[in-house]
Amino acid sequence: MDTLDELLPREKMLRSGIASLSDVELLALFLRTGTPGKDVITLAKEMLQRFGSLYGLLSADFAQFRGINGIGLAKFAQLKGIAELARRYYSVRMNEEDALLSPEMTLEFLQSQLTGEEREIFLVIFLDAQHRVLQHSRLFSGTLSHVEVHPREIVREAIKLNASAVILAHNHPSGCAEPSKADKHITDRVIKCCQFMDIRVLDHLIIGRGEYVSFAERGWI
């Protein structure tokens, strides 16, 4: 039987909508049950305090969970499943939208794809002349602090898809989104390579921990 603490977030959601729940209540809704001597709301609150945010929580590995009394493999798998479900939702949504509706939508998608990755991943969104999404691909993966990018492969894929424009993105697992000299250099190389085939580079976004940098917003593209 559900306890009162487990019912409260559920009832609030049914009454006022899912957006009305706080981070603690939303987490409690997924955890469903607490641990011996600790109700689910208290457990959710302690977990968020430990990891700092939902981002920190969903990005954590199992070793970081071991210090929490009552949190075993089952709850860890459940939380990682939530993160993967969100990533796939945004991936499907991006494929099914007629066009990129806003920079905010693009950012949300990229954060869902790259947040929490332990290695640098370089992702490219390929667009047609009306900026409809043709495909998004993780073209390159690297180490904790570096990813090798080959501009010709980006152009080759764009030609194959008949793309008119691309959006570049990669993550910084360190959490700091500020671009390095190497990031700026490879962006320039990709732009020059794309220009030969009349393909526009609309932006290069770097995704950090709760922050991002847009080359277009800074006037670098």
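Cβ coordinates are placed from backbone N, Cα and C, and glycine is handled just like the others.
Annotated features in Swiss-Prot:
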| type | residues | note |
| --- | --- | --- |
| DOMAIN | 99-221 | domain 'MPN' |
| MOTIF | 170-183 | motif 'JAMM motif' |
| BINDING | His170, His172, Asp183 | Zn(2+) binding site |
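Taking a C-beta cut-off of under 8 Å and a sequence gap of six or more, Asp183 (Zn(2+) binding site) has these contacts in its own chain: His170, His204, Ile206. Within the same chain, residues at least six positions away from His172 (Zn(2+) binding site) with a Cβ under 8 Å of its Cβ are Glu120, Ile206, Ile207, Gly208. Residue environment of His170 (Zn(2+) binding site) contains 26 other Cβ atoms, counted within 10 Å of its Cβ in all protein chains.
Helix, strand and coil residue tallies for the domain 'MPN' (99-221), in that order: 38 helix, 34 strand, 51 coil [DSSP].
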